[in-house]
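Presented below is the structure to which this report refers.
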Amino acid sequence: MRRKIAILGATGSIGTSTLDLVERSPERFEVVAVTAATNVEALAEIARRTNARLAVIADESRSQELAELLVGTGCRAAAGKEALLDAAGGEADLVIAAIVGCAGLPPVMCAVETGKTVALANKEALVTAGALMMDAAIAHGATLLPVDSEHNAIFQCLAGSRAEDVSKLILTASGGPFRTASIDEINAATPAEAVAHPNWSMGAKISVDSATMMNKGLELIEAHYLFGLPSERIDILVHPQSVIHSMVEYVDGSVLAQLGSPDMRIPISYALAWPERLETPAERLDLAAIARLDFEAPDLTRFPALRLARGALIEGGAAPNVLNAANEIAVASFLEGRIRFTEIADIVREALESSNFSAPRSIDEVMEIDRATRQRVAASMKASCH
Ligand SMILES: NC(=O)c1ccc[n+]([C@@H]2O[C@H](COP(=O)([O-])OP(=O)(O)OC[C@H]3O[C@@H](n4cnc5c(N)ncnc54)[C@H](OP(=O)(O)O)[C@@H]3O)[C@@H](O)[C@H]2O)c1
């Protein structure tokens, strides 16, 4: 029996890596649904290539174009938010959640509520609705498999162990493109410099998050919800070579690490085939050639986003939602050249300080906090430009 797969965010970096693996093993996987935001040509090409039965474009204004591109293929074209839910909750057994940002939350939740196995790359979904999603997964018998390389590494290092034997999690971080930059250099950073990650090839938003180290902050919150450990038992360790993808320390002092080349096809393949393993074309580690592995503590002065994220996790309530929404809008503004790199963390800090939302009790409330925070942040950025 082939596994039926829906790929949400099929045109992105994770989507493309997933397709590469799936297309290498046609005897194991069948792509049934694919989605994108606006990139209608790439989506139609993927749908044709994979013989998917449903292709969804989130941008409703591209609906007609998608339908025309898919004429004669047998693939149904659909558009809009409701159609994204159809892709997530439809016939797939395994849903690859690779939409970027909080926009990916409703389809992820739909997949969880229909009891699917969800390979979760979309970290913003767990950051903004972690408790709701973990509860829903238990209630509906859904399985969440982490795709983020750090969480996937921890998941592998935890295999077969008892929760009471774990003393802490150690999330590794490359430190991003500005790890050794001065405050002045960071202040003058351009979007092109910020997205040029030293080790990983990723989408623009996560690349900027890696440069500010907000990515590691979001991953800290993600790890808290996925593995149920409090902030003080999740450490962050800078490891520039990105060979160790994260570690678990046990009560006896043993530390287990997962190593591999920095290729997202390794953690994606683990989620695709779990509990089995899949062969991948990822480069094999040559530790003798790498020769050394370095580690250092993160610098919270040059990378204040990490402190903000840990603060939001400890504060709880709606703080992670506000952190995420403010960060998404600040990163988009930075990529459009409207704010400086260091203003990203300033904007997030101000949003956190001025927010007074209660903890969200439903996905609708999560989406409302997200919308209201974006609106407030956009208004405040506009006011400060005048
Ligand atoms: N890339 C990595 O190596 C990596 C590693 C770990 C975790 N992640 C996480 O995985 C997620 C995806 O990252 P990525 O790097 O693959 O991003 P990406 O390359 O920017 O791709 C994002 C995908 O989501 C779609 N999309 C964007 N906005 C959308 C919206 N509002 N509604 C519906 N679909 C939307 C895009 O469609 P269009 O092409 O039409 O814009 C694209 O298919 C993120 O949450 C990221 O943090 C990524």
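Glycine is treated like the rest: Cβ placed from N, Cα and C.
Any TrEMBL annotation is an automated prediction that lacks curation.
Taken from TrEMBL as is:
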type: DOMAIN; residues: 5-130; note: domain '1-deoxy-D-xylulose 5-phosphate reductoisomerase N-terminal'
type: BINDING; residues: Thr11, Gly12, Ser13, Ile14, Ala37, Asn39, Asn122, Glu124, Gly203; note: NADPH binding site
type: BINDING; residues: Lys123, Ser149, Glu150, Ser174, His197, Ser210, Asn215, Lys216, Glu219; note: 1-deoxy-D-xylulose 5-phosphate binding site
type: DOMAIN; residues: 144-227; note: domain '1-deoxy-D-xylulose 5-phosphate reductoisomerase C-terminal'
type: BINDING; residues: Asp148, Glu150, Glu219; note: Mn(2+) binding site
type: DOMAIN; residues: 259-375; note: domain 'DXP reductoisomerase C-terminal'
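A sphere of 10 angstroms centred on the C-beta of Asp148 (Mn(2+) binding site) encloses 27 other C-beta atoms. Neighbours of Glu150 (1-deoxy-D-xylulose 5-phosphate binding site), defined as other CB atoms within 10 A of its CB across all chains, total 27.
Proximity to ligand 1 (Cβ under 6 Å from any of its atoms) holds for these binding-site residues out of Asp148, Glu150, His197, Asn215, Glu219: Asp148. Those same-chain residues not listed among Asp148, Glu150, Glu219 yet with C-beta within 8 angstroms of the centroid of the Mn(2+) site C-beta atoms are Lys123, Pro146, Ser149, His151, Asn152, Leu171, Asn215, Lys216, Leu218, Glu222, Ala223, Ser246.
Rounded to a whole number, the distance between the Cα atoms of Asp148 (Mn(2+) binding site) and Gly203 (NADPH binding site) is 13 Å.
Residue pair Lys123 (1-deoxy-D-xylulose 5-phosphate binding site) / Ala37 (NADPH binding site) shows a Cα separation of 18 Å.
Ala37 (NADPH binding site) and Asp148 (Mn(2+) binding site) have their C-alpha atoms 21 Å apart, to the nearest angstrom. Thr11 (NADPH binding site) counts 22 other C-beta atoms within 10 Å of its own C-beta, drawing on all protein chains shown. Long-range Cβ proximity for His197 (1-deoxy-D-xylulose 5-phosphate binding site), meaning a same-chain Cβ under 8 A and a gap of 6 or more residues, is found for Ser174, Gly176, Pro177, Ser207, Ser210, Ala211.
Using DSSP to sort the residues of the domain 'DXP reductoisomerase C-terminal' (259-375) gives these counts of helix, strand and coil: 67 helix, 2 strand, 48 coil.
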